[in-house]
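**Q** Got a structure here, written out as structure tokens. Questions coming.
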Amino acid sequence: MQCCNQLSPHEQRLQDKIEGKVDRYRATHERVFTILESFDNTRPRIDVERAKYFTESMKATEGQPLPLRWAKALMHIAENMTVYIDDHQLICGRAGYQGRYGVLYPELDGDFLGTAIEDLPNRAESPFAITPEDARVVVEEIAPFWKGKTYHEALNLALPADVHKLTYDDPQGLMSRFIVNETSSFRSSIQWVHDYEKVLKRGFRSIKEEALEKIAALDPMSPCDNVEKRPFLEAIVIVCDAIILWAKRHAKLAAELAAKETDPTRKRELETMAEICAWVPENPARTFHEAVQAQWFTQVFSRIEQKTGTIVSNGRMDQYFWPFYEKDLAEGRITEDSALELLECMWVGMAQYVDLYISPTGGAFNEGYAHWEAVTIGGQTPEGRDATNDLTYLFLKSKREFPLHYPDLAARIHSRSPERYLWEVAETIKDGSGFPKLINDEEVVPLYVSKGATFAEALDYAVSGCTEARMPNRDTYTSGGAYINFAAALEMVLYNGKMLKYGDTDLGAHTGDPCEFKTWEEFWNAYVTQHHLFLKTAFVQQHIINNLRARHFAQPMGSSLHDLCMKHCLDLHTPQIPEGINLGYFEYMGFGTVVDSLSAIKKLVFEDKKLTMGELIEALKCNFEGKEDIQQLLKSAPCYGNNDDYADSIARDIDALSVKYGRRYSPELGMHNDVRYVPFTSHVPFGRVVSATPNGRKAWSALSDGSSASHGADVNGPTAILQSNFNSKNYGMRDRAARMLNIKFTPKCVEGEEGSQKLVSFIRTFCDLKLWHVQFNVINKETLLAAQRDPEKYRNLIVRIAGYSAYFVDLSPDLQNDLIARTGHDVM
């Protein structure tokens, strides 16, 4: 790392640590640094208590309405699971062991448990530790009950044969094909945002009272009221009691610890925690400390309730915490530093929870123990005013001074964002830990209005998950969408419905021998056929998924925090909730790979005739071994990411295929099933099944990620990448959604005030072009290579992956190499 001309602040801190120097920010963050060091280098452990008590309750309630069963299971968990208060902590509440931990959701994919438990400690992607006793409990007490009852098994049996063969590689559906990949069986719901403000202003006792009033108002003679509404409302009452009980158990523990504590400062801290946990989240928060604790209890209990995507978002934290912060600051109850310490106590709590995927597919899609509790800052108020405040800047300061990979900070940008805000965003990006990612109001808000939201609702969106956005109390869609490997669709054109990875198995449409195609139009039409087949497969999956989910999942706590669920007495997993907006999606994987491949075929085979189709296919089959001249020729074709209309027009045509298909068939599903370009880390396992491609990519290597250019193809600078993203979008069509865009700068590129100003201008350009998302790595390639050689020295190196940041050494070698291969821009 010392060979680099310029280090980012994050790299410099790592270098200082290697040299034995004390972090210069430690003195002002001593508490959270101490907590972090207690767990940071440990392998996550599996905690089985949630699964054990959930299973015990579900055994005892078979035959009852599902929302009631779920609420009773949550009460059983709240009564029995171990509660912890960590040393030095000021915020309490966790869903499992002390240290880094993950929990199990056997109702989801418990059919994997019997075989997966012994493999988890040794798998390449995100391994977990488990004690022998916990492994025994899983295999002997938990897994047997769920055999034949899991959501994954139901989905596997429900898929038609033609859909199944593109989805799974075995009859039981235990292994993915990585072609048209369902994602609903390794998460109960997609990413979500609760209405935390409701908890802070009302408390769960008020929500319980609302449910009791609705029960009292039911028509005792109405079949609907008795069979549908009453069980839902009774579940709300139970779950409110459950989270209140769980919080009071923490209050009791804090009081017990305080009674034994000899250090007077820590004793008072524990007494304060006991008082706070006895009050919230049952009652409205009165102070900033109470607000932070109430929010954290809500978020952790939501994790206990179900597996929500990769996590439940924190929403617009600088907005709903602001009144408490402003009041306490004015009354002298807190200082900026003490408020920051409370928030960072929450941050280290987030870092200890680790998302656990039992299935190999889930683990491969979410490497680096991925979960991203997005904290949204900035943007606009529901009235359309700029929303930045002092808390906004405090969150940015925290990211620069305490570079933890949680929370996932997301900065909303709009055309009137203040210069100071953009400057501090730029300074935080320059720090080099990958924060914040940027989301553009100028794209998101009009798009959501076009889909039925009011301006106030759209303006109040919060970032959720990788790059997605949600509107609390208006969004109602929870089903995971398909990840579609369109590079596989291209390969099926080249091999007439087959893929080299899968031998003679017929997977796609028989579009004919491409060597017999005389024109580009013939080849394009063959690609369209395969593309549409993949989309049809995804939409059939989604239709089945939508109809299955309410039979397998309920979400009483999440429903209690949604206005429409409470109004209509419907669980959040109900397929159609009146007045709700169903924002679904499918993911396009390998966009840059496919665009550049089609560009090369069109230009070199059909227009310039520098290559025959036969010569191309021969070079692809041998993975360019001995055909390096052809590989270089293919790489010389026009490429996406360079503001080149030849390639970008193909990209726009491909995007239109997906958007138009979604527009035509989404109404049949009762939803907006929109195209997104958000791969998480799936572009790596998807690449492992795709042979060499006509853009010069070698077989089995990673595909391009999101809406980014193929690695090494973007040679005209970062602004050209923004322009290509703009060129490739069909702005006149609303059936589109998130696009993830990764850009890597060297620290030298953004050095000093001049570098900050260039970055601010770059952000303004991103905003003006109405792109959805962009995120940055500011790092030297040499640092990444050094971390590969000596991972222990670089244990704390944080990098930006796919809508989230993670420790570089927690990634598989394939994903590490993918990050290294991304173009690092020296000039802007």
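Cβ coordinates are placed from backbone N, Cα and C, and glycine is handled just like the others.
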**Q** Pick from Arg676, Arg688, Arg697, Arg734: which one does Swiss-Prot list with Arg187, Gln191, Cys466, Thr467, Glu468 for the same 2-hydroxyethane-1-sulfonate site?
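**A** Answer, per Swiss-Prot (2-hydroxyethane-1-sulfonate site with Arg187, Gln191, Cys466, Thr467, Glu468), from Arg676, Arg688, Arg697, Arg734: Arg676.
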**Q** So for Thr467 (2-hydroxyethane-1-sulfonate binding site), how many other CB atoms are inside 10 Å of its CB?
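**A** Excluding its own Cβ, Thr467 (2-hydroxyethane-1-sulfonate binding site) sees 30 Cβ atoms within 10 Å.
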**Q** List the helix, strand and coil residue totals of the domain 'Glycine radical' (705-828) as derived from DSSP.
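**A** Across the domain 'Glycine radical' (705-828), the residues distribute as 53 helix, 22 strand, 49 coil.
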**Q** Could you state the CA-to-CA distance between Arg187 (2-hydroxyethane-1-sulfonate binding site) and Cys466 (active site, cysteine radical intermediate) to the nearest Å?
**A** 15
**Q** Could you round the CA separation between Gly803 (glycine radical) and Arg676 (2-hydroxyethane-1-sulfonate binding site) to a whole angstrom and send it over?
**A** 13
**Q** Take every residue in the domain 'PFL' (30-698), average their pLDDT values, and give the whole-number result.
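**A** The average pLDDT of the model in the domain 'PFL' (30-698) works out to 95.
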**Q** Which residues does Arg676 (2-hydroxyethane-1-sulfonate binding site) neighbour through Cβ under 8 Å, counting only same-chain ones at least six apart?
**A** Glu468, Gly481, Tyr585, Phe586, Glu587, Tyr588, Arg736, Ala737, Ala738, Arg739
**Q** Once the chains shown are all counted, how many other Cβ atoms turn up within 10 Å of the Cβ of Gln191 (2-hydroxyethane-1-sulfonate binding site)?
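**A** By my count, 26.
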